[in-house]
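*Asks:* What follows is a single structure, and I will ask about it in a moment.
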Amino acid sequence: MGGFCGADRGGFLALLVWLQLLQPLFSGTYKPREDSGVMHRPQRPRRPRSDPEAPAQQSRLKSLSISHPSGVPVSVDRTEIPGSGSPSGTTTKITLENRRSSLGGPFFTDTCGHRITEVDPGSLSAGRKWPWQVSLQSQNEHVCGGSLISHRWVLTAAHCIYEQEEYMVMLGDDMLHSESESVTLVPVQDIIFPSNFDIQTMRNDIALALLYFPVNYSSLIQPVCLPEEPFRVKNGTVCWVTGWGQQNEIDAGFASILLQEVQQRILLQKHCNTLFQRQLGTSKNLVIKGMICGLQDSGQSLCWGDSGNPLVCESDNTWTQVGIMSWGINCNGVPVLSVYTDIAEYNEWVSYVLSQASRMDPMGVLVLYLSLVFPLALLVAL
């Protein structure tokens, strides 16, 4: 009967000891450290509000049927959807239910939302004016935008993610397909989104992408702040959205090479719905709870390929992401209306996802497995 020789047993035991010693180093990736957790702008304590869509337990998906929009008079960037209609096997759903979670301590810091090198407002985005901006890519092509919120997490739109696709995240450069040494490419390990995301109405259009390994912050790569409840951006506030989407409807399928920026004026839902109804000849309210609306009067707008991009507002020299680009109509129209996922509505969900991830310990699971398997192997050898 074959077995392990003495040298083999010694090697196995040595490997097990090394894995146990290295476990804190590897497992530290997920711990909510001050420099690795999602970052929120500090807010004065306020009375919590009742949130009908706080998160619950997560579960692994094998398939989830999501059909393309039908009968909804909005543009949903079909040209950038790479899949056939259901999330991949590496996609996790998290149900939004009437439950709240608390996440405090190191996750809430004030080191986010800052530029290392300032650039004049209104110029093209050279020089990493927006260091949290990332490109979500598939098969070396830009699919959607996103924003870095921690060393290992990227925020984007749920409708960008479809099955049988391997995703990469590009950070550190404003040029797509740049060969600069500043470019960082990181594969995506997992993508998490609300189980009740509805592509018909674009409700709950938010997703979190987990990078395979953490990225280091620099003058080219910085996280953006997220709003804390009950933060609400005021009507008329001037904010900015950035992205590599095509610049007009004529250039279908061609992303901009250089990162673009567009100024947005925040509109109340009621006013936004009135403008949509007037343009589309409908009585339906298309902008619903969980969405915010931006207006650009000049005709410069976002277009296909801009989904998932961050809408950011500045206050006290700190940039906070208030929205995720979700949908809009008529790239070349005036005025241009764009609709964003309201991040403040999903603050608890984001915090819950990251708090659950912080409890994961893949290296610990491996050590446990080896601790069980190796003694059995040694017994067999003996």
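Heads up, the Cβ atoms here are built off N, Cα and C, so glycines get one too.
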*Asks:* In Swiss-Prot, C313 sits in a disulfide bond; tell me which of C160, C225, C239, C272 is on the other end.
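*Replies:* The record-listed partner cysteine is C239.
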*Asks:* Of the cysteines C112, C144, which is paired with C160 in the disulfide recorded by Swiss-Prot?
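*Replies:* Its disulfide partner, as Swiss-Prot records it, is C144.
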*Asks:* If you look at what Swiss-Prot says, which of C293, C303 makes a disulfide link with C272?
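*Replies:* Its disulfide partner, as Swiss-Prot records it, is C293.
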*Asks:* Give me the CA-CA distance between S307 (active site, charge relay system) and C272 (disulfide bond), in Å, as a whole number.
*Replies:* 19
*Asks:* For C144 (disulfide bond), which of the recorded positions H159, C239, C272, C293, C313 has the nearest Cα in space?
*Replies:* H159
*Asks:* Averaged across the domain 'Peptidase S1' (119-355), what pLDDT does the model get? Just tell me the whole number, please.
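*Replies:* The average pLDDT of the model in the domain 'Peptidase S1' (119-355) works out to 86.
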*Asks:* When the Cα of H159 (active site, charge relay system) is compared with the Cα of each of the recorded positions D205, C239, C272, C313, which one is closest?
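*Replies:* If we rank D205, C239, C272, C313 by Cα distance to H159 (active site, charge relay system), first place goes to D205.
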*Asks:* Look at the disulfide-bonded residues C144, C313 and tell me which residue has the greatest number of other C-beta atoms within 10 angstroms of its C-beta.
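*Replies:* By the 10 Å Cβ neighbour count, C144 comes out on top.
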*Asks:* When DSSP is mapped onto helix/strand/coil, what comes out for C272 (disulfide bond)?
*Replies:* helix
